[in-house]
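Over in Swiss-Prot, the protein carries these features:
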ACT_SITE  C165  active site, nucleophile
BINDING   R31, R145, R146, R185, S186, A187, D188, N196, H226, I227, Y228  dUMP binding site
BINDING   D188, S282  (6R)-5,10-methylene-5,6,7,8-tetrahydrofolate binding site
Amino acid sequence: MNIEIQYLELCREILAENEQEIAEGRWTPNRTGMGTVGVFGRMLKHDFKEGFPALTTKKLFFNSVKAELLWFLAGRTDLEFLHERGCHIWDKDAARNGGKLGPIYGKQWRAWEGADGRTYDQIAWVIQQIREIAADPERPHPNSRRLVVSPWNVADLEEMALPPCHGPFQFHVKDGRLHLAVWQRSADLFLGVPFNIASYSLLLHMVAQVTGLAVGTYTHYLNDVHIYRNLLDQVRLQLTREPYPLPRLWLNPEVREIDQFTMDDIQLVDYKHHPPIRGELST
């Protein structure tokens, strides 16, 4: 099933399961001060034969998806990289933390600091393992079930402006196809999840290209799935809209290494969407 249909059904489920709580104004409290309603433990799955999962019932700002993912892959944690590419989605989190974000995703993906004092490039390592598996798929590979990248470095959590909401994630190689599963501890269903789906789907395509594999399936595990009180009307509006066919993703076929991708090497094709629905991010 198209992942957008699954996403909209999850929105409806949360509204239905929490109908009485919403009517009585009984919100689940959290660190932001903006109450939520939600559910726990859900899964979304997508096969890219149906298109690239950029939601169509509201406009996805794909430029920010690209900028943030390239920022992570560059191992950067500063705002300058994002601002140069017109992306300001991390500004509020930085403002709460004295203008700095700390050792968040990019640091952990590309320079995880171990207890032994060494740094580990998880992205380079996992791509190398995938290439080895793809080169000799009949040979048992010791790391075939260990293709995991994690941003959740317990020793660094207190220094982060925001501990990772999404990740770890795991790749899987089967029959010449590369699959990806993502685990998300905290899922802002209206603002965050559509962005996260597109970001990790893009990462899957990029890694598949540089490892010479076809793109397989995408699985997204959502734990604490919630809708903020101030975004309920936006969700209701989105649910009145009929989805369009999903767009396609174009990657520059000349790019063969993960660090070579630029903004211009990544484009959405035939992206037909409804107008944006604005909402205030709770931080």
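Placement of Cβ uses the backbone N, Cα and C atoms for every residue, glycine included.
Projection of Swiss-Prot feature records onto the structure.
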{"residue": "R31", "record": "dUMP binding site", "Cβ neighbours (10 Å)": "8"}
{"residue": "R146", "record": "dUMP binding site", "Cβ neighbours (10 Å)": "12"}
{"residue": "C165", "record": "active site, nucleophile", "Cβ neighbours (10 Å)": "17"}
{"residue": "S186", "record": "dUMP binding site", "Cβ neighbours (10 Å)": "17"}
{"residue": "D188", "record": "dUMP binding site", "Cβ neighbours (10 Å)": "24"}
{"residue": "H226", "record": "dUMP binding site", "Cβ neighbours (10 Å)": "25"}
{"residue": "Y228", "record": "dUMP binding site", "Cβ neighbours (10 Å)": "24"}
{"residue": "S282", "record": "(6R)-5,10-methylene-5,6,7,8-tetrahydrofolate binding site", "Cβ neighbours (10 Å)": "18"}
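The residue listed as 'active site, nucleophile' falls outside any helix or strand according to DSSP and counts as coil. Spanning the listed dUMP site, residues R31, R145, R146, R185, S186, A187, D188, N196, H226, I227, Y228 have a farthest Cα to Cα distance of 36 Å. The distance from the Cα of Y228 (dUMP binding site) to the Cα of C165 (active site, nucleophile) comes to 16 Å.
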